[in-house]
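A.B. asks: Take this structure first; my questions come after.
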Amino acid sequence: MTKKLHIKTWGCQMNEYDSSKMADLLGSTHGYELTEIAEEADVLLLNTCSIREKAQEKVFHQLGRWKALKDLNPNLIIGVGGCVASQEGAHIRERAHYVDVIFGPQTLHRLPEMINHVQGTRSPIVDISFPEIEKFDRLPEPRADGPTAFVSIMEGCNKYCTFCVVPYTRGEEVSRPCDDVLFEIAQLAAQGVREVNLLGQNVNAYRGETYDGEICSFAELLRLVAAIDGIDRVRFTTSHPIEFTDDIISVYEDTPELVSFLHLPVQSGSDRVLTMMKRRHTALEYKAIIRKLHNARPGILISSDFIIGFPGETQADFEQTMKLIADVNFDMSYSFVYSARPGTPAADMVDDVLEEEKKQRLYLLQDRITKQAMRFSRLMLGTVQRILVEGTSRKSVMELSGRTENNRVVNFEGTPDMIGKFVDVEIVDVYTNSLRGIVVRTEDQMDLRVHESPSSVIARTRKENEIGVGFYQP
C-alpha cells in the first residue's frame, strides 16, 4: 500500500517552496505520496509561520485536531516545521507531547533521517539548527508543476528590523552558489516552466559564489536567469530598499524578461516610525528609488508592505504613510495591524495605539490602495497585454486563464494547446478581481529572446567545495 503524506502550509512563498521540497524529498526517499486528506496520511507535517498575530496558538489549535488522528493511529508521525518550530523548539512538546518531529527551515533536508529515527526508536527528535546552505545540496531535482515556479536563491536576513523574527527563525543571510541556482532553473525550463519567481527574505542582498570563486551580484543573476531559453518572465520577492542599488535598477532597462511589477516593502511613510523600526532609510530615499525605477521602466507598478499602529505611531505618522501611498501610487499592498512578535526588540516597546484606531487606519489605507489598483486596471482597458496561460478559468472550464506582468488575472476564450505558453490579449472588460481579454497574438507570432538553452546549463559538471556545497562548472 502506498504511504501518504499530508502537508499543511501557512505563511510566505518561501514556506510554499519549502513544503514542495519536503514533498519531493520524502517522495524520493520514502515513496510518500502527497494527499490533501489528513485522515488518510501516514505522516502529517505542519509548516508554520510566525509573522501573524497569535501564530503559536494557531499551531497548537491545529495540532489538537491532529491529536485525535494520532489517538486512532499511534503509528502516525506528526511533525512541525517552519518559523514557529524554530522559535519554540522543544517547548512545542511541552504542550503537545504527541509531536514526533520538530525541525527548522534550515533542516528540512534532514526529514528522511528524522522520520527513520522516529520509526526505529519510537522517540521524538528536534533539530532546529542553522547548517547554512546545506539543505539545497540534499534536496532532489526540482519537479515542475505548471508553467510557473518558485526558486529559493538565499535564506535569512541581516537587517534586524525591530518588529521582525526572520533573523531569529531563519538565520542570517546565506546565498546559494550562482551556478546551483541556474542549474535548478534550467532543469525547470527543460520541464516547461516559463516564469520563475526568485525567493529570499532579502532577495536583493544575494551574493552567490560562482564556479571560479568570484561573487555574482543579484543584478548579474537576474540577467543570467533571463538568458535561459524558455524563461521569458522573471519575478523576485522580497526586497529591502537599502539593498535596491542602481545596478539592479539598470536590469529593468535592458532585460525585458524582468516583469514591470515590483514588490518593495516600505512599512511606513513616517521617518520617525521607520527609525523606530530600524529600517535604515527614509521615505524620501524610498521615493528616490521609485523615481529611478520609473525612469528605467516607464509604467512599472509597485506594491508594498505596511505595518499599521506600530508602537508610538501617531495620527501625524499615519498621515505621512497615506501621503507616501498617494505619492508612489501603489498598486497593491500586504498590510496588517501591528502585533508584537515574541523575542523582537519591538515587543519591549509600549503598544500604545488603541486596537480600534489600528483597525480604522488599516481600513483607510487598504481602501485607498484598492481604489488606486482599480484605476490601474481601468487604464488597461483597450490595451494589449501579454499573459502566461496557467490553465482553465475558475469561472468556466470552457475558458482559459492567465496573468499579466502586473499580476492581473485575465480570462479569455482559447484552445488547450495555449496552456503553458504566452499569448497577447486585448483587454475588453475590467472587473474587481479580474480582466477579460480577446486573443490577438499567439506565441509562435512573438519574437521571444533565445540566448542559452537549458540543456547547455544542465550539461555543466557538478562539483563540491571543501564544505560539501555543490556548484556547477562550465
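Cβ coordinates come from backbone N, Cα and C, glycine included.
Pulled these from Swiss-Prot:
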type: DOMAIN; residues: 3-120; note: domain 'MTTase N-terminal'
type: BINDING; residues: C12, C49, C83; note: [4Fe-4S] cluster 1 binding site
type: DOMAIN; residues: 143-375; note: domain 'Radical SAM core'
type: BINDING; residues: C157, C161, C164; note: [4Fe-4S] cluster 2 binding site
type: DOMAIN; residues: 378-441; note: domain 'TRAM'
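How about a rundown of where these features are and what they're close to?
C.D. replies: The number of other CB atoms found within 10 A of the CB of C83 ([4Fe-4S] cluster 1 binding site), across every protein chain shown, is 26. Secondary structure at C83 ([4Fe-4S] cluster 1 binding site), taken from DSSP and collapsed to helix, strand or coil, is helix.
Sequence-distant contacts (6 or more apart, same chain, Cβ under 8 Å) of C161 ([4Fe-4S] cluster 2 binding site) comprise Q267, M277, K278, R279.
When DSSP labels each residue, the domain 'TRAM' (378-441) comes out as 5 helix, 33 strand, 26 coil, counted as helix, strand and coil in that order.
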A.B. asks: Would you mind reading off the Cα separation of C49 ([4Fe-4S] cluster 1 binding site) from C164 ([4Fe-4S] cluster 2 binding site), to the nearest angstrom?
C.D. replies: 12
A.B. asks: Sort out the sequence-distant neighbours of C12 ([4Fe-4S] cluster 1 binding site) for me: same chain, 6+ apart, CB within less than 8 Å of its CB, listed by position.
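C.D. replies: Those within reach of C12 ([4Fe-4S] cluster 1 binding site), by Cβ under 8 Å and sequence separation of 6 or more, are C49, I51, T238.
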A.B. asks: Among the binding-site residues listed here, C49, C157, C164, whose Cβ has the fewest other Cβ atoms inside 10 Å?
C.D. replies: C49
A.B. asks: List the Cα distance (Å, whole number) between C164 ([4Fe-4S] cluster 2 binding site) and C83 ([4Fe-4S] cluster 1 binding site).
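C.D. replies: With the alpha carbons as reference points, the distance is 12 Å.
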A.B. asks: Helix, strand, coil: count each for the residues of the domain 'MTTase N-terminal' (3-120), based on DSSP.
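C.D. replies: Helix, strand, coil within the domain 'MTTase N-terminal' (3-120): 64 helix, 22 strand, 32 coil.
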A.B. asks: To the nearest whole angstrom, what is the C-alpha distance linking C83 ([4Fe-4S] cluster 1 binding site) and C157 ([4Fe-4S] cluster 2 binding site)?
C.D. replies: 13
